[in-house]
Amino acid sequence: QQSGRKYNLFLKRRLRIDKRHQSKDSIFFRDGVRRIDFVLSYVDDLNKEWEKKLERRKEFESNLQKAGLELETEDKKESEDGKIFFVKIHAPWEVLITYAEVLNIKVPIKENDIPSTVENPLDCVLYPLRLPENVMHPEPDYFTAPFSKDKQELYLINDESTFFSPSMRNRIVNYILTRCPYGTEEGKKKFGIKRLLNNGTYTAAYPLHDCQYWKKASDPNCDSERYTLYMEWARFLRFYKEQPLDLIRKYYGEKIGIYFAWLGFYTEMLFLAAVVGLICFLYGLFTMDENMSSKEICDPAIGGEIIMCPLCDQECEYWRLNTTCESSQYSHLFDNVATLFFAIFMGIWVTLFLEFWKRRQARLKYEWDLVDFEEEQQQLQLRPEYEAKCTLKKRNPVTQEMEPYLPLTSQAVRFCISGATVLFWVSLIIASMIAVIVYRLAVYAAFASIMENTQTLQPISGLLTPQLATSVTASCLNFVIIMILNFFYERIAIWITDMEIPRTHMEYENRLTMKMFLFQFVNYYSSCFYVAFFKGKFVGYPGAYTYMFNRWRNEECDPAGCLIELTTQLTIVMAGKQIWGNIQEAIVPWICNWWGRRKARNNPENLYSRWEQDHDLQTFGALGLFYEYLEMVIQFGFITLFVASFPLAPLLALMNNILEIRVDSWKLTTQYRRPVAAKAHSIGVWQEILNGMAILSVVTNAFIVAFTSDMIPRLVYYYAYSENEDSPMSGYINNSLSVFQISDFPDRNEPNENPENFVICRYRDYRYPPDHEKKYLHTMQFWHILAAKLAFIIIMEHVVFIVKFFVAWMIPDVPADVKAKIKREKYLTQKILHEYELEKLKERLCQGDKRATEKEFIATEGRMELSRAM
């Protein structure tokens, strides 16, 4: 019986092969002429909704044909699993030219005659990084103008089938699909493919890739651009090569092209920051042995004789300062003079990055015909969801047409619910951070007790202090909580943004961006802000410690400072996020696709059609780029807001981004369906977020250097309190530790044991000793240091801000040569259009057209002369 089934299956496949002699791995209709611009798929399941879905499909497809689109259906018997129907859509020439005018698509009118820029003298050095010319510039450079049906002879139309690129064609078809009606339900007019996908009428809607990524298409009419992108861009072995941005833009559209242009530029600029950060780190490494503070801590005659007060109440014992010898040496790697230099450098680097990106963006806008592109053309169009959900209409004062609108009261209620939801989730993050702080306080005493009493930990006790052990475990716990909260909030943010019913696509993206960024900002950075600005600042002193919830004693910093703990926190969260992000982006889609294609692996190529191959891929949703930008902007925050504590952060980011570019390109080219092309002339609201973070980074780094590092106390001691001219920093450790008389301990704080009968212990602070009349009050040196810290913050902020604004003023947003090219192109385009109109008018006069008056001819000629003069 089993052999009989196999034989029947073989006959079925044989019949399918005989029925179609040509391969189904094609991007054309059965006639081999009409190109497939879009594919819809559905499953004909016989459930309760079956008849309703069938009716919707019939109505929708009928309306698509009325709009001029041509359809061809593949029966489910032809599909791999025998369940899925595929509707192939082709946009004929008449439809393309109609909607090209509606969408204001620019098309070629004349080949660009502006000479290319002067050759770069470094071209011979950079040659190994270059890609072939046909990959970098797949099309000639043209002057362009918005398409008009009435002026078709004006444009360079050599072949109607290839005049509009596949990305333009799928953008036009998608525009029709999102607005095509499919009937009336519950008294409301229903339309749009998105709604049909949501209610299960169709299972997928997507444009086709032009070939398989690992080999060229057999059809000579196919450009095989996907194969070229994979070979030249999406493979990791090409990590050192430049990106083929023009080809990316041609295949995927400007919106995806601008993302990869920004990511590539950001990675290039990171190279400079990474080199300077590495130099600062090496400076700390090579001067470790010269650091007087760690020398004194490690010296048995100094650090070995200093008895420190217990780290927790009752359970902890007195300890000697030299037990933190190794951690104090490692803290010098990041807490040194180079830290200050690097913090100032990064403040200026951020400005250079943002200003030079504006120039790069301006050049791309010219090269990609986006100079006159206005968001109204696409982004400011009403969302279909807005049109569907808003039943009330009012007259637009500009167009005088009736438009749907959302009443003010409804908007207010929705915003209140949205704001309350966001506030609740931000409060939840803060509560989770407080829970992590409580964990740190609760386990700190346990770690201190275990490390003092466990012999097996003695060999590493110098390196793994209780503070560091607590910091590492708390950072790991915090990272896990961050990932869990992210998982839930992403869905909540989309839900509340949908509930607000934003009017336009731009509004929708901007609102979602601000919600997600606010949440991610608090989620990822709150723990770093705690360690940088709160930990160890409100400890009190022995006998008068401060407590959280009157139960857990606040944490103290390591004797070498809190900066090493901030470095640990930053490294774990930043590195963990990047590793987890790459796993999510690359491995998860690959496993899903491998599982989905497992049944089709052994089938011949002419049975596994191009539309089925793409159907089995993952969907690159409307928010696909949003998550990519969000990931990079959060990383940007790590390397700017807290870079004073970790000079190697830009190097980590650089290595991640080199991998990120290839991971993103690989998954987009091989693991995802082809996205619908969309236009964008900038990175949008992300630019403003980056500007805000750049300004905030100056403030945070000034506070980190002043309050988290030990630089200012050391400088004050060096210039005002040092008594040794030959070695000004000797005695600093003793000076920075105050004295406490053990007999003054209250019962709550006093250790259970004091086997060596110590009389005094030391702690980090600047307070008077027990025999002074101002017992345990702050010394004058404390106030000098505080004044120096505040003065440093003011001076550093002002210096960096002045330099930032001066650099921003000095660097024009648009390069001079690009300005000249834009003016030249506008002039030539106007001249060509005016000459065309004049020729048409002459023809009408010659043909005796009464409507073409001599005055009209003179006016047109005068307009040309005026244009030349201008």
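Cβ atoms are placed via backbone N, Cα and C, with glycine included.
These come from TrEMBL:
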DOMAIN    28-245  domain 'Anoctamin dimerisation'
COILED    43-77  coiled coil
DOMAIN    248-825  domain 'Anoctamin transmembrane'
TRANSMEM  259-286  transmembrane segment
TRANSMEM  337-357  transmembrane segment
TRANSMEM  422-447  transmembrane segment
TRANSMEM  467-489  transmembrane segment
TRANSMEM  516-533  transmembrane segment
TRANSMEM  633-654  transmembrane segment
TRANSMEM  689-709  transmembrane segment
TRANSMEM  782-811  transmembrane segment
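Only pairs six or more apart in sequence are counted, and the transmembrane segment (337-357) with the transmembrane segment (633-654) gives three or more Cβ pairs under 8 Å, enough to call it a contact. Note on the transmembrane segment (782-811): residues 343-344, 347-348, 350-352, 354-356, 359, 694, 698-699, 702-703, 705-707, 712-713, 715-716, 720, 765-767 of its chain, located 6 or more positions outside it, place their CB under 8 angstroms from a CB of the stretch. Contact between the transmembrane segment (689-709) and the transmembrane segment (516-533) is supported by 3 or more Cβ pairs under 8 Å, counting only residues 6 or more apart in sequence.
When each of the listed stretches 422-447, 467-489, 516-533, 633-654 is scored by C-beta pairs under 8 angstroms to the transmembrane segment (259-286), 633-654 comes out highest.
Using a cut-off of 8 Å between Cβ atoms, the transmembrane segment (467-489) and the transmembrane segment (633-654) share fewer than three residue pairs, counting only pairs 6 or more apart in sequence.
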